[in-house]
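Student: The compositional bias 'Polar residues' annotation in TrEMBL covers 206-216. Residues or ranges marked as domain 'Major facilitator superfamily (MFS) profile' by TrEMBL: 1-182. The region 'Disordered' annotation in TrEMBL covers 196-227. Feature annotation from TrEMBL assigns transmembrane segment to 5-27, 43-60, 67-89, 95-116, 128-148, 154-177.
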Amino acid sequence: SLYSVFIICVFYYVAIFPFIAAAQLLFESKYDLSPAWSNACNSLVYFMSAILSPLLGYAVDKTGRNLYWLMGSITTTIIAHALLAFLFVHPVVPLVLMGISYSILAASLWPMVAFLVPKKMLGTAYGFMQSIQNLGLAVMNIFTGLILDSYGYFMLEIFFIICLEIALLASAFLYVYNSVKNGMLNDSPAVRRAKQELLDGKGPDPSNNVSGASSSPDEDDQKAINT
């Protein structure tokens with residue numbers, strides 16, 4: 001399951017960072033935007049991430065269900081690239097979608113590592129994840145340059161969509177694997193806390209609200225806790 005997280009990390013970010021590096025000329029050639037407007041559009045993803053990441057991170061923390069957030073963010077990014085590839089919608093629209101999904105993915109993907117490896121190995125796991133991400137980006141940047149020079153922006157967008165579909169397949173595998181193994185990746189906070197108490201040998205404390213909120217676990221959460 002950790003390898004699936006690494007695969008998602010590499011193939012998702014390939015469709016973000018190399019795209020932004022090459023997007024200015026795309027906006028100028030396809031949409032006839034000025035260099036100033038192209039640069040402004042190109043910065044939208046990072047501006048939106050700077051604003052939305054804390055808010056969306058809080059939402060992920062409160063709701064859990066990281067895999068749902070993850071698959072939704074990848075799907076939204078596929079839609080954004082499809083709009084750029086097949087339609088002439090103003091680039092602000094797909095870039096806004098991309099900024100939102102980019103923020104959601106960071107908030108939902110990276111915390112998963114903490115549920116997959118022992119605490120004493122977290123630093124090593126995050127180090128490997130960052131290393132593999134950078135290696136993947138270094139290799140894929142070469143491919144994106146070759147595709148752009150040889151076939152143009154349309155085929156480059158198709159390449160990005162294929163990379164995102166690989167990431168989506170990896171997230172679907174992770175969902176199935178997590179369900180079979182009764183993992184915590186897609187649990188609500190209530191279920192995660194109850195499972196963690198059992199793993200720590202404490203058992204769920206009925207006097208405490210396991211969700212950390214004022215409401216009690218819903219019926220689905222209670223079934224998962226009982227399981």
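Each Cβ is built from the backbone N, Cα and C atoms, and glycine gets one as well.
Help me picture where these features are in the structure shown.
Tutor: Using a Cβ-Cβ cut-off under 8 Å and counting only residues 6 or more beyond its ends in the same chain, the transmembrane segment (5-27) has close neighbours at 33, 35, 37-39, 41-42, 45-46, 70, 74, 77, 81, 84, 91, 98, 102, 105, 109, 112-113, 116, 128-129, 132-133, 136-137, 140-141, 144, 148, 153, 156, 160-161, 163-164, 166-167, 170-171, 174.
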Student: List, by number or range, the same-chain residues at least 6 past the transmembrane segment (43-60) whose CB is under 8 A from its CB atoms?
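Tutor: Cβ under 8 Å, 6 or more out: 16, 20, 66, 69, 92, 95-96, 98-100, 102-104, 106-108, 111.
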